[in-house]
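The structure appears below as structure tokens.
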Amino acid sequence: MLFYISVSGLSGTREVAQSQVLIGMGLLSGSTVMLLTLLWGSCVIVGKCDLSENSTTIDSQDTQVFSLFGSGVSTDVHTSYAARIMMISVLPFIIVQIPQIFKLHSGHRITVLIGFIVAALLLLSYCLYQIFQPWIQRRRLEYSRRKHVMSGLLRHAQMHAFGRLLDDNGRPNVPVIEKLFHKIDLNNDGRIEQGELQAFIVGINFEDIDWDSNLAANHVMDDFDTSQNNSIEKGEFVSGMLRWLGEAKRSVASGAYSKKFLHDFHKRTRDEHNLLLDNGEEDGESVGNPTWISIKAILLLILGTAMAAAFADPLVDAVHNFSNATHIPSFFISFIAMPLATNSSEAVSAIIFASRKKKRTLSLTFSEVYGGVTMNNTLCLAVFLALVYLRGLTWDFSSEVLVILLVCIIMGLFTSFRTKFRLWTCFVAFLLYPLSLIIVYVLDFKFGWS
């Protein structure tokens, strides 16, 4: 969407281009604010778990309903790093605002050029960082592997249990699950130890997934052992199996709760894992012709550019026409409505991941939110600064920049030095959204900053 607006700004008169950049900045600031406020807060609500006595979250356990201090989410330290990177990415905004900050009558064009260079360098650095430190991709792959282990264990349990894990109506068969517990509990002491669990799953075929029985046992122990006493009691085992079966149901759209249902779930998790491994190659090498893949990628880029050029002007014209018909400033349409539409798929994906109520999936969710904002602050800003410089436009977006700086810095500081967020923290994020709208409205329409 931002690219469409940028392409539109390359054509037409200077006044038209200035108007297009105004819409683009509205979309850029609105997208950043929405990701760090509405989406961030929603993920806290959806992903909240109970907090233990030492204030650590208990994965998949959510019995506190709406306790502001008794529930929350946890992330890993890498997520805090992503928040710090996001804060660093606001540097180009500060550079381009230097003439306004110091009320200089000259130097506007040079600061735009410097801001563009810094944004481009930050983008390049961020891309190189992702290449040499691909921890987000590794965590996504780890989650995919764990999910595939879960599906393999369920399918294996279905074949070796004393009956079906799910009845004909798709309801969990608790007596069968309890019998399975006693089968795994080799010494009949009422709890499953690490060795007993590993002995049960040693014969599972994970279909070329690089995951041995010891790692799989660690994963099950981590998921099921809610008391953290290094063993799984019957109640914990039944609760864990019910959670796994429920997650499998949600993952498979069909209503066939049978052996085929578990087979389909296992197949889906295997395909998701192989997709992350580039068609199943662990070393990352493509199974196809590298030359043809490169040509195909270039052709797709050209096609995408052509489509953007074709739809750019009609899109921006539609925003202007809607603004004229409703007497709503085009900036607020691009600030409120367009980010909700353009980020809808990302928002849905983030909420689905957060609903897993696991520390690892929540870490991935929030890291992707911070990564999206970082790309806004580097790639998208670089595109707009290049357009402003090449067309000789006026950079007069002080209120938008102020809002981006406030939200990024507040949420960045708030999330850079902590990994646990109680439920009440979602209201901090939610309140920043209307506050941003009020700030932009007051500064632009009351104090004439626009």
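Using N, Cα and C of the backbone, Cβ positions are placed for all residues, glycine too.
Feature annotation from TrEMBL assigns transmembrane segment to 20-46 (among others). Only residues 6 or more beyond the boundaries of the transmembrane segment (20-46), in the same chain, are considered here, and those with a CB under 8 A from a CB of the stretch are 1-2, 5-6, 8-9, 12, 72-73, 316, 319, 330-336, 338-340, 342-343, 346-347, 350-351, 354-355, 362, 365-366, 369, 372-373, 376-377, 380-381, 384, 387-388, 393, 397, 400-401, 403-404, 407-408, 411, 421, 423, 425-430, 432-433, 436, 440.
Residues or ranges marked as transmembrane segment by TrEMBL: 81-98 (among others).
The transmembrane segment feature in TrEMBL is assigned to 110-132 (among others).
Under the heading domain 'EF-hand', TrEMBL lists 172-207. Mean pLDDT for the domain 'EF-hand' (172-207) in this predicted model: 82.
Residues or ranges marked as transmembrane segment by TrEMBL: 293-312 (among others).
Residues of the same chain lying 6 or more positions beyond the ends of the transmembrane segment (332-354) and with a Cβ under 8 Å from any Cβ of it are 1, 22-27, 29-31, 33-35, 39, 42-44, 46-47, 73, 319, 322-323, 361-362, 364-365, 368-369, 372, 437, 440. Under the heading transmembrane segment, TrEMBL lists 332-354 (among others).
Away from its own ends, the transmembrane segment (366-389) comes close to residues 2-3, 6, 9-10, 17, 21, 24-25, 28, 31-32, 35-36, 39-40, 43, 75, 78-79, 82-83, 85-86, 89-90, 92-93, 96, 109, 112-113, 115-116, 119-120, 122-123, 126, 136, 139, 343, 346, 350, 395, 404, 408, 415 of its chain (Cβ-Cβ under 8 Å, at least six residues beyond either end). TrEMBL lists 366-389 (among others) with the feature transmembrane segment.
The transmembrane segment feature in TrEMBL is assigned to 401-417 (among others). For the transmembrane segment (401-417), the list of distant contacts is 28-29, 32-33, 36-37, 40, 79-80, 83-84, 86-87, 89-90, 93-94, 96-97, 366, 370, 373, 377, 425, 428-429, 432, 436, 439-440, 443: same-chain residues at least six beyond its ends, Cβ to Cβ under 8 Å.
According to TrEMBL, the feature transmembrane segment maps to 424-443 (among others). Long-range neighbours of the transmembrane segment (424-443) within the same chain, counting only residues 6 or more positions beyond its ends whose Cβ lies under 8 Å from a Cβ of the stretch, are 29, 33-34, 36-38, 40-42, 44-45, 68-69, 72, 331-332, 335-336, 398-400, 402-403, 406-407, 410-411, 414, 449-450.
Same-chain neighbours of the transmembrane segment (110-132): 85, 88-89, 91-93, 95-96, 98-99, 374-375, 377-379, 381-382, 385-386, 388-389, 395, counting only residues six or more beyond its ends whose CB sits under 8 Å from a CB of the stretch.
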